[in-house]
Amino acid sequence: MSQVPAYKRILLKLSGEALMGDDSYGINRTTIEQIVGQIKEVVELGVEVGVVIGGGNIFRGVAPAAAGMDRATADYMGMMATVMNALALKDAMTKAGLIARVQSALTMQQIAEPYVRGKAMQYLEEGKVVIFAAGTGNPFFTTDTAAALRGMEMNVDIMLKATKVDGVYTDDPKKNPDAVRYQSVTFDEAISRNLKVMDATAFALCRDQHLNIKVFSIFKNGALRRVVLGEDEGTLVHC
């Protein structure tokens, strides 16, 4: 099998929940090390990697207190949770021998650089992993939308949406054992079949700007490497 990557630059979208492992909330150290190990594999192939991280694993712990809270305030809390995850991810990357930088859409100069497009692109070209934190920096936008936005700004070849399921299925594979994984599906087909790939705003951005999406499971050993090498892993959503 060829070891030449199918993509030169990728944007990896990680949900905060992916960092929980089997825990009910928070960050599972073993899980984050496993994810970083997969990222290291593709960096060593010469692939430039940007990461957008969610914050659900941390925000879940304070969600009861946020019930009834002003939506914008709750969203800002969620953004700060993504910064915590980004710092944990960077720490694990550093320990694994990777060079990583955190850029935040919210100004937190003591712990993260502000998001600057040109600087982020320079880091990618230098082989550094760039972790984009705090979503878009605006309430009412999800981290899926932030991933679509950063992916376009970084001129990535593809957006990789890492989930707990190894692709997009005809039905929920946990409930229906006869559900079949799509190898590929167009944006229009995904809409007509009501397939839940990501939130509507992010999906529309990717479709309109012709940014393909690959949905795969980050919990399958070596899955990220196989995706980057262009192997049959996950589901490709394309124009």
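The backbone N, Cα and C atoms fix where each Cβ goes, glycine too.
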Additional site residue, G55, G97, G118 [criterion: listed by Swiss-Prot with D75, T136, G137, N138, P139, F140, F141, T142, T143 for UMP]: G55
Binding-site residues: S15, T136, N138, T142 - member with fewest neighbouring CB atoms within 10 Å: N138
Residues within 8 Å of the G55, D75, T136, G137, N138, P139, F140, F141, T142, T143 Cβ centre (excluding the UMP site residues themselves): G78, M79, G135, T145, A146
Spatial separation of G56 (ATP binding site) from F140 (UMP binding site) - C-alpha basis, Å: 15
Cβ neighbours of T163 (ATP binding site) where a neighbour is any other Cβ within 10 Å: 20
Integer Å distance between the CA atoms belonging to N138 (UMP binding site) and D172 (ATP binding site): 32
